[in-house]
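Residues or ranges marked as thiamine diphosphate binding site in TrEMBL: His74, Gly115, His116, Ser117, Ala148, Ser149, Asn176, Glu334. Taken from TrEMBL, the feature Mg(2+) binding site applies to Asp147, Asn176. Annotation comment: TrEMBL describes 283-447 as domain 'Transketolase-like pyrimidine-binding'.
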Amino acid sequence: MTAILEHINTPQDLRTLNPKDLEQLTIELREFIIDIVSAKEGHLGASLGVVELTIALHYVFNTPIDKLIWDVGHQAYGHKILTGRKSIFETNRQFGGISGFPKMEESIYDAFGTGHSSTSISALLGMALSAQLQGNIHRQHIAVIGDASIASGMAFEGLNHAGVTNANILIVLNDNAMGIDPSVGALKKYLTNVKTGTAKEENIFECLNFHYTGPIDGHNLPILVKELERLKKIEGPKLLHIITTKGKGLKSAEENQVVYHAPGKFNKQTGELQKKEPQQQAPKYQDVFGKTLVELALKNEKIVGITPAMPTGSSLKFMMDALPERAFDVGIAEQHAVTIAAGMAADGLIPFCNIYSTFLQRAYDQVIHDVAIQNLPVIFCLDRAGLVGEDGPTHHGVFDIAYLRCIPNLMVFSPLNEIELRNIMYTAQLGLNHPIAIRYPRGRGGILKWQKPMSQMTIGKGELLKEGSKIAILTTGPIGNMAAEISNELGSNSGIAHYNFPFIKPLDEELLTKIVQKFDHIITIEDGSAIGGFGSAILEFSNNIGIHKIIKIFGIPDFFIPHGDTERLYKEAGIDKMSVKKYVQQFL
Ligand SMILES: Cc1ncc(C[n+]2csc(CCOP(=O)(O)OP(=O)(O)O)c2C)c(N)n1
Ligand SMILES: CC(=O)[C@@H](O)[C@H](O)COP(=O)(O)O
Ligand SMILES: [Mg+2]
């Protein structure tokens, strides 16, 4: 480590620096971030883009007394390093290590926990109004929010409220014209016009009653410091618009901003990505979705695709490339994504609305009110269902079965593998007369030759995968492959019967009746919440038909599963192979 960063452990140390030393600190902080992220993985581009801003904010403001909130929080690595976590930054996102997002329990400098976008303005306003009510007139409140996140409904709700208050807040709009993928929408066009000086006279933020300044160069540290010092003295709602480059300081990250949002391991000198993946391997579920959708859409012109700001992550980009007029990136706007899909379905289109399981939480009312009550046949494809790994509790998609299963009209499906995912997509676009949620995990499946002809599935059918007479294992989703491994390892005569229930709703009641009649001991396994999930559905069913057997539910327990590699997290949740096998063996 070079001269300056070595001596900075807290913002108090930073504030003792001579302004002329800050420039050198930007170089060292970037190097530090690149050094660790290249080896340990994580979000890169966003943090590199706000190095100057991070230093300037902690230099000018009196953190942690002054409140600083990072929207999404994926850009807060520099903040973490300067606020007492430099020595443990190498544990970032690893099990037992620090979180990749700000977290209140981790540091007094993390004023508010984030991970999902566009929450910062509301949270900040809450703190600023609270300060007013408590007579705390000196405290400053600052949120950093990106251009893609400020376009979201929730951010607008916060702006709309803040503009009629005299709350002492400063919103720093970090405009790099990128989300994970390029930013979209009319606001993006407006911000581009502001930057190029072609915007019409009225400024949107001034119209909302904010003291607006900018756009200024977010990589010019002296200008940033000067402007923040000035704004510190102005009361009421303020918005500072800064222009930055995502990935600033690492050539490949600046040139390929989508990939370097979270690039995996790379060479810290050259930026070259570490190629670790063998050629012959099973596909990512997201690619099975993306490629299958194109295949189907080429034959069925009513099919449309929708993503709220995740074209690359969801692989809807395949359809955006092949059929751009029928594939829509609506920006970070999950609620809008659901209701626009409802509108399209109401008018006869067949919308595939792809949303990460965790982000659909934000659009729950839209699923119920706009889709399910009207029984509109929207096809929800919920990627990243289950435990997602290093992003941790804000991103695990473990509540979807529980929160969707209770909604009338809505079918819920979890494919065992790539083939079942393709088949249900094929079946759904043929017409179900109901909405359906198809949930599948992050990462790869297990089938190399997955691009087989698709076939129609029978709605609500489960299947027997292995005969047995002592104990029945019922699974939904790809976790069924783990159950199959357990059953294989225990031998073909172990007595384990294994059933796959891809339809969580409607359940295969005929098959279930036979199972609960035949077996005294039933085990259910799912990668979702044990409370209210698939196992609960089985328990409810057997209770309702008056048959009471031992039903052991393996699912995500009633606590937030932390971040870390998924294998470790499965153990943490008690749904790993070893735990399940140990339980099963007792009864054979
Ligand atoms: C509600 C929600 N939807 C989607 C995401 C996924 N996501 C994480 S970062 C990001 C892009 C954020 O862009 P911006 O706010 O401009 O910040 P930048 O990465 O450019 O710094 C998206 C879509 C999320 N975290 N939360
Ligand atoms: C910060 C954020 O919300 C995204 O960057 C998220 O980490 C993407 O997850 P995937 O890597 O699973 O696409
Ligand atoms: Mg951005």
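Backbone N, Cα and C atoms are what each Cβ position is placed from, and that goes for glycine too.
Everything TrEMBL records as a feature, shown here on the structure.
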residue: His74; record: thiamine diphosphate binding site; Cβ neighbours (10 Å): 24
residue: Gly115; record: thiamine diphosphate binding site; Cβ neighbours (10 Å): 20
residue: His116; record: thiamine diphosphate binding site; Cβ neighbours (10 Å): 22
residue: Ser117; record: thiamine diphosphate binding site; Cβ neighbours (10 Å): 26
residue: Asp147; record: Mg(2+) binding site; Cβ neighbours (10 Å): 22
residue: Ala148; record: thiamine diphosphate binding site; Cβ neighbours (10 Å): 29
residue: Ser149; record: thiamine diphosphate binding site; Cβ neighbours (10 Å): 26
residue: Asn176; record: thiamine diphosphate binding site; Cβ neighbours (10 Å): 23
residue: Glu334; record: thiamine diphosphate binding site; Cβ neighbours (10 Å): 30
Inset, instruction - Whole-number Å only: compute the distance from the Cα of Ser117 (thiamine diphosphate binding site) to the Cα of Asp147 (Mg(2+) binding site). - result: 11
Inset, instruction - For Asp147 (Mg(2+) binding site), find which of the binding-site residues His74, Gly115, His116, Asn176, Glu334 come within 10 Å, Cα to Cα. - result: Asn176
Inset, instruction - Quick one: of the binding-site residues His74, His116, Ser117, Ser149, flag those whose CB is under 6 Å from ligand 2, and say none if nothing qualifies. - result: His74
Inset, instruction - Looking at thiamine diphosphate and its recorded binding residues His74, Gly115, His116, Ser117, Ala148, Ser149, Asn176, Glu334, figure out the farthest C-alpha pair and report it in angstrom, whole number. - result: 22
Inset, instruction - Name the secondary structure element type, per DSSP in three states, that contains Glu334 (thiamine diphosphate binding site). - result: helix
Inset, instruction - Averaged across the domain 'Transketolase-like pyrimidine-binding' (283-447), what pLDDT does the model get? Just tell me the whole number, please. - result: 98
Inset, instruction - May I ask which of the binding-site residues His74, His116, Asp147, Ala148, Asn176 have a CB within less than 6 Å of any atom of ligand 3, listed in sequence order? - result: Asp147, Ala148, Asn176
